[in-house]
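Asks: Not my notes, these are from Swiss-Prot:
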- Ala10, Tyr11, Ser12, Gly13, Gly14, Leu15, Asp16, Thr17, Ser18, Ala37, Gly120: ATP binding site (BINDING)
- Tyr90, Ser95, Asn126, Arg130, Ser181, Ser190, Glu266, Tyr278: L-citrulline binding site (BINDING)
- Thr122, Asn126, Asp127: L-aspartate binding site (BINDING)
Amino acid sequence: MHEVKKVVLAYSGGLDTSVILKWLQDTYQCEVVTFTADIGQGEEVEPARKKALALGIKPENIFIDDLREEFVRDFVFPMFRANAVYEGEYLLGTSIARPLIAKRQIEIANMVGAEAVSHGATGKGNDQVRFELGYYALKPEVKVIAPWREWDLLSREKLLAYAETHGIDISKRKSGASPYSMDANLLHISYEGLALENPAAEPEEDMWLWSNSPEAAPDEAEYIELEYSQGDIVAVNGMAMSPAQVLTRLNQLGGKHGIGRLDIVENRYVGMKSRGCYETPGGTIMLKAHRAIESITLDREVAHLKDELMPKYAKLIYTGYWWAPERRMLQAMIDESQKTVNGWVRLKLYKGNVIVVGRESKTDSLFDPAIATFDEDGGAYNHADAAGFIRLNALRMRIAANARQRRG
């Protein structure tokens with residue numbers, strides 16, 4: 001166990017990773033480097049520095065990085081160019097954050113000369129797969145330490161007892177029952193555990209932190225306009241914004257109007273079904289708007305091909321294959337399709353609904369009113385051409401019908 005000299009730990013400052021930090025020191029007798037990512041989880045990250053210092057980590061071995069812009073620009077936006085949705089509903093808020101954390105962890109390991117990395121994902125979940133596939137894709141020889149697969153601290157009570165024995169601050173946990181297991185970033189917040197483990201039980205209203213209920217949302221609709229450049233939102237209501245600013249603003253607007261709540265049972269990669277609740281207000285708006293601008297700027301067959309490939313792309317992200325060659329290949333194709341996705345979309349937000357009320361692309365629209373009109377089109381479309389088109393497309397079915405008749 002003592003062959004590891006230095007390990008980079010993905011460290012949140014919470015109970016689990018604080019226990020892991022101490023456990024790594026005691027079990028591996030190694031130097032621990034902590035890495036805390038700010039990806040918009042809404043919590044102060046500086047307390048993680050204080051906790052790490054209190055647990056004996058050298059100041060130069062504490063890394064706290066603001067990755068919000070990189071997260072949205074290089075991970076969230078590319079995913080939304082694909083309209084990625086897992087199993088018809090899940091917008092992949094947790095899944096898409098893991099490859100960025102893994103990437104930065106490996107970068108730090110290379111900087112400090114660490115031969116190992118560690119994470120706090122449990123042995124039952126998807127995150128262990130997502131983290132470790134990323135590690136191995138970016139640093140094939142790295143040693144991965146996954147404490148939840150090694151130690152015997154397999155209950156919350158054992159973790160708390162270990163923390164108290166080793167003087168780890170657990171003040172946030174002393175007030176009573178454990179809270180829901182939550183994970184947050186700029187794209188979403190998720191809730192699991194406790195009463196949610198009964199899929200028949202409706203979540204309590206006070207569980208939801210980011211959004212009003214549709215019933216409590218404003219009675220007056222709000223209109224917004226999003227501007228697109230090559231498939232990405234670059235302005236909200238005429239105001240140019242960075243990627244992280246765009247998502248932050250859309251989260252505010254969506255949460256205000258009760259948009260983006262989701263309660264699903266999903267199929268985990270490790271084989272079990274799991275119930276989770278999610279709030280993705282900004283992402284829900286983005287998905288609806290992106291499909292709207294694509295509807296007038298993408299060729300029909302390109303749009304249909306994207307829709308056919310999207311479930312595969314979404315599954316790759318869900319199961320941790322962001323860094324795999326097949327995901328890169330699909331991304332290159334998707335990004336090629338987005339070169340013409342320019343223009344604006346107008347939306348109405350009202351009590352949990354995102355309603356498209358207008359879309360326009362002055363440079364790349366494939367919508368031709370002269371051809372699409374139900375009125376006189378001046379000869380732009382010859383109705384007589386449809387007869388031959390229909391007969392040719394019906395040919396195989398006519399042949400099959402004749403064969404059935406011959407068989408009797």
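Along the chain as shown, the residues are counted starting at 1.
In case you wondered, yes, glycine gets a Cβ from its N, Cα and C as well.
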Asks: In angstrom units, rounded to an integer, how far apart are the Cα atoms of Ser181 (L-citrulline binding site) and Ser12 (ATP binding site)?
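Replies: Checking the Cα atoms of Ser181 (L-citrulline binding site) and Ser12 (ATP binding site) gives a distance of 14 Å.
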Asks: Taking Cα atoms as reference points, rank the binding-site residues Ala10, Asp16, Thr122, Asp127 by distance from Glu266 (L-citrulline binding site) and give the first.
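Replies: It is Asp127, whose Cα lies nearest.
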Asks: Between the Cα atoms of Ser18 (ATP binding site) and Thr122 (L-aspartate binding site), what distance do you get, rounded to the nearest Å?
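Replies: Taking the Cα atoms only, Ser18 (ATP binding site) lies 15 Å from Thr122 (L-aspartate binding site).
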Asks: Which state, by DSSP, holds Tyr278 (L-citrulline binding site): helix, strand or coil?
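Replies: It is in a strand.
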Asks: Considering each pair of residues in Ala10, Tyr11, Ser12, Gly13, Gly14, Leu15, Asp16, Thr17, Ser18, Ala37, Gly120, all listed as binding ATP, report the largest CA to CA distance in Å, no decimals.
Replies: 16
Asks: Work through the binding-site residues one by one (Ala10, Ser12, Gly14, Asp16, Gly120) and name whichever has its CA nearest to the CA of Asn126 (L-citrulline binding site).
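Replies: Spatially nearest to Asn126 (L-citrulline binding site) by Cα position is Gly120.
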Asks: Measuring Cα to Cα, how many angstrom lie between Tyr90 (L-citrulline binding site) and Asp127 (L-aspartate binding site)?
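Replies: Between the alpha carbons of Tyr90 (L-citrulline binding site) and Asp127 (L-aspartate binding site) there are 16 Å.
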Asks: Out of Ser12, Ser18, Ser95, Ser181, Ser190, which of these binding-site residues shows the lowest number of other CB atoms within 10 Å of its CB?
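Replies: It is Ser181 that, of the binding-site residues Ser12, Ser18, Ser95, Ser181, Ser190, has the fewest other Cβ atoms within 10 Å.
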Asks: Please report the Cα separation of Arg130 (L-citrulline binding site) and Thr122 (L-aspartate binding site) in Å, rounded to an integer.
Replies: 12
Asks: Where's the emptiest Cβ shell within 10 Å among the binding-site residues Tyr90, Tyr278?
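Replies: Taking Tyr90, Tyr278 as the binding-site residues, the minimal 10 Å Cβ count falls on Tyr90.
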Asks: Please classify the secondary structure at Ser190 (L-citrulline binding site) using three-state DSSP.
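Replies: Ser190 (L-citrulline binding site) sits in a strand per DSSP.
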Asks: Other Cβ atoms within 10 Å is the metric here; tell me which of the binding-site residues Gly14, Gly120 scores highest.
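Replies: Buried the deepest by this measure is Gly120.
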Asks: Going by C-alpha positions, which of the binding-site residues (Gly14, Gly120, Thr122, Asp127) is nearest Ser95 (L-citrulline binding site)?
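Replies: Out of the listed candidates, the nearest Cα belongs to Asp127.
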